[in-house]
Amino acid sequence: MGAFIAKMLLPTISSLVFVPAASVAAKRGFHMEAMVYFFTMFFTAIYHACDGPGLSILCFMKYDILEYFSVYGTAISMWVTLLALGDFDEPKRSSLTMFGVLTAAVRIYQDRLGYGIYSGPIGTAVFMITVKWLQKMKEKKGLYPDKSVYTQQVGPGCCFGALALMLRFYFEEWDYAYVHSFYHVSLAMSFILLLPKKNRYAGTGRNAAKLNCYTLCCCV
């Protein structure tokens, strides 16, 4: 019985892996991304807790709404992570962020189970990043960004991201609790790996922007 309960709670517990992702994002100066990860963790954990034994008291919203925000937070997390990787200049970065936030809200409201909820944000972001990097390569007449970005960030991050999506859409029927938990872990790892080492808009030294707990809690 104890093993069964532990297995049922696995998706809820594994949702907490987004906390380290939020912590890493905040440390690197990506405060907006950290808030999105925390938002995703909160609603994903509560959503899965409603499925768990004896945890229905945590369901402070309708199950359907919790599911919506769980999927929505995940899609937006993918979007802001890839935009951070692309290192777009302002105001393009802010405009693209809002574009993703608004379009994802409508798309996921229509269908929160199909491939398009994630393939749309990922495909659009990858296309924009590819165009930008190819333009930079043409200007520099060399590799852009540095080789280390491809080997240490893009390559490993994309591998974990692809693994997460495969687990989510193709293997969950094997054993939902374990597979979905590994999906959470793989997704969080992809966010951490794809995020640049430093946000150039966050400032440095005494001028560095800081994220406190009060601000972080405002996202929920």
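Note: Cβ is positioned from N, Cα and C throughout, glycine not excepted.
For 2-22 (among others), the entry in Swiss-Prot reads transmembrane segment, with the evidence type sequence analysis.
Marked as topological domain 'Cytoplasmic' by Swiss-Prot on the basis of a curator's inference: 23-37 (among others).
As annotated by Swiss-Prot, transmembrane segment applies to 38-58 (among others).
For the topological domain 'Extracellular' (59-64), the number of residues in each DSSP class (helix H, G, I; strand E, B; coil) is 2 helix, 0 strand, 4 coil. Look at Swiss-Prot and you will find 59-64 tagged as topological domain 'Extracellular'.
The transmembrane segment annotation in Swiss-Prot covers 65-85 (among others).
Swiss-Prot lists 86-93 (among others) with the feature topological domain 'Cytoplasmic'. Residue counts for the topological domain 'Cytoplasmic' (86-93) under DSSP, split into helix (H, G, I), strand (E, B) and coil, are 3 helix, 0 strand, 5 coil.
Under 8 Å from some Cβ of the transmembrane segment (94-110) lie the Cβ atoms of residues 32, 68, 71-72, 75-76, 79-80, 83, 88, 116-117, 120-121, 124-125, 128, all in the same chain and six or more residues away from its ends. The transmembrane segment annotation in Swiss-Prot covers 94-110 (among others), and the record cites sequence analysis as its basis.
Annotation source Swiss-Prot lists transmembrane segment at 113-133 (among others), citing sequence analysis. Listed as Cβ neighbours of the transmembrane segment (113-133) (distance under 8 Å, sequence separation of 6 or more from its ends, same chain) are residues 71, 74-76, 78-79, 82-83, 85-86, 88, 96, 100, 103-104, 107, 144-145, 161, 165, 168-169.
For the topological domain 'Cytoplasmic' (134-153), the residues of the chain that approach it from at least six positions outside its boundaries are 85, 193-196, judged by C-beta separation under 8 angstroms. Per Swiss-Prot, the feature topological domain 'Cytoplasmic' maps to 134-153 (among others).
The transmembrane segment feature in Swiss-Prot is assigned to 154-174 (among others); the stated evidence is sequence analysis.
Among the features that Swiss-Prot reports, transmembrane segment is placed at 176-196 (among others). Non-local neighbours of the transmembrane segment (176-196) in the same chain are 7-8, 10-11, 13-15, 17-18, 20-21, 24-25, 28, 30, 33, 37, 44, 74, 77, 81-82, 84-85, 87, 152-154, 156-161, 163-164, 167-168; each lies 6+ residues outside the stretch with a CB under 8 Å from one of its CB atoms.
Residues or ranges marked as topological domain 'Cytoplasmic' in Swiss-Prot (evidence: a curator's inference): 197-220 (among others).
With a cut-off of 8 Å between Cβ atoms, the residues of this chain six or more beyond the topological domain 'Extracellular' (59-64) that come close are 46-47, 49-50.
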